[in-house]
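In TrEMBL this protein carries:
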type	residues	note
COMPBIAS	1-13	compositional bias 'Acidic residues'
COMPBIAS	18-32	compositional bias 'Polar residues'
COMPBIAS	44-54	compositional bias 'Basic residues'
COMPBIAS	80-90	compositional bias 'Low complexity'
COMPBIAS	91-105	compositional bias 'Polar residues'
REGION	1-105	region 'Disordered'
TRANSMEM	125-143	transmembrane segment
TRANSMEM	149-174	transmembrane segment
TRANSMEM	194-213	transmembrane segment
TRANSMEM	225-248	transmembrane segment
TRANSMEM	260-279	transmembrane segment
TRANSMEM	299-318	transmembrane segment
TRANSMEM	330-349	transmembrane segment
TRANSMEM	377-402	transmembrane segment
TRANSMEM	414-434	transmembrane segment
TRANSMEM	440-462	transmembrane segment
Amino acid sequence: MGAEMSDTDEDERELQRLASNNPAMTVPTSGVISRPELEQVRSRGSKSKSKHNTPKTVTASDPAGDTETLVEEPQPPPQSSSSDGQTSSSITASPQQADPNHDQYGQVSKYDVGWRRVVRNFSPSWFSVTMGTGVVSLLLGTLPYQADWIYWLAVVFLVLNSILFTLAMVTSILRYTLYPEIWAVMIDDSTNSLFLGTVPMGFATLLEAWVVLCVPHWGYWSVTTAWVCWMIDAVVAGAVTVSLPFLLMSQSHQHSLDRITAAQLLPIAATIVAAGAGSKVAAILHDPSHALGTLLTSYVLWGMSTPLAMTILVIYYQRLALHKLPPREVVVSSFLPLGPLGMGGYAIMNMGRVARDVFPRTGFLPGLSSANMAGDVVYVMGVFVALIMWGFGLCWLVFALATIYLTRPFPFNMGWWGFTFPLGVYAISTMTFGEEMPSSFFKVLGTMLSVAVVLLWCVVAAGTAKGAWSGRLFYAPCLKNLKKEDQAEQNTLDKEKLPGS
């Protein structure tokens, strides 16, 4: 009886050894194999060893968690006794078969669980949440048909956006402070780095909502606060607009035209949004010289970004014409062209309106026959340029709606926030036309678009909350570009000990 048990154990060990050398080999699900079949397997294994008689280098591990490099000779593998007295093979799976979320011990890395996973995977795209939330507060604050409950609902969205922006900023600071190597990897990523433009844009939505909702009630100190915050936003937005496109040009790896998406507009749109915020701040400044400096700076910011955005739109149109519609995963980016067109039209129109008041007060261009002439000319030109941009945006709106219709359904991801902000600023531009002309058509159309943005915000916010709770949305693709040796070093230094070590 003992001899039979010994033969059975030896056969099972032989099967395990051969299976470890041949990953394609599987044992029948019933777990029963006849002796002739076993002899055939042994025969194939012997032939394989005769063909490949060179030693193989493998990694061995013991129950204590230590590893070492071994050389496997063409003989039965060494056996190691586990803590419970049973015999098991010490040869581990090959690195190619290892789970990337686990370390070499088969344990989940501490960087892939808990708050560390959230911080490490908190990419700049999360600031698009603050953009979408902030534009809702702006829409509610600028609706042509106002009521007390609408005002307080706008205040609620302003408070919510302040909390979201603070959380996003604190988490981002923790990310690049605790893991500084991620910054370089994120900057080198030609897609992820574009979302740095969402940071100043999210802050600009807070600033504009502050001007619309808080300044009329809180007095002088709130005006000064808005002016200082705008200067910070303008500097950051200008730096993003200049640096990120240049980094994209100077990167060593090349990109094919079919990989171009409308996300290229994000760092450029940041300066357009800063120009629109500057026009709102200039309108509330009490000192005419300060207002003039803010207004002229806003014109410069608009000039830095709007022509560049038009250039990107030409490239993006060529990509669509040659390579057809974008993939389903990024199809929502079809709405992004509405951002620079809608916000650019609103900014140039609002800056012209402020210029009519500021230019005569400061004596701007004194050589003109009339003190009001400069402001009137700039205002009229601004309205017509904005109208042209609005019409151009209407074409892209139709393209985006048709694209969404043809490519549905598409998976939920953080890109869905591209529904809210571009359409929201286009609605703000539409309602501004209703005020300036005045036109009931633009007022009603702007109100309808605003309601659509609020409903879209509810849908996208619910999906984001669900994905954030499950952790599925906390994923930064740029982390794959981290050097493997750096990851291995971190996992070794911070590895939690195995039970029983």
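Cβ coordinates are placed from backbone N, Cα and C, and glycine is handled just like the others.
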Under 8 Å, at least 3 Cβ pairs, sequence separation 6 or more: does that hold for the transmembrane segment (194-213) versus the transmembrane segment (260-279)?
-> yes
Residue list, the transmembrane segment (377-402) vs rest of chain: Cβ under 8 Å, 6 or more residues beyond ends.
-> 313, 320, 334-335, 337-338, 341-342, 344-346, 348-353, 355-356, 359, 423, 426, 429-430, 432-433, 436
Contact yes or no, the transmembrane segment (299-318) and the transmembrane segment (225-248), 3+ Cβ pairs under 8 Å, gap 6+ = yes
With Cβ distances under 8 Å as the criterion, find the stretch in 125-143, 225-248, 414-434, 440-462 that has the most pairs with the transmembrane segment (260-279).
-> 225-248
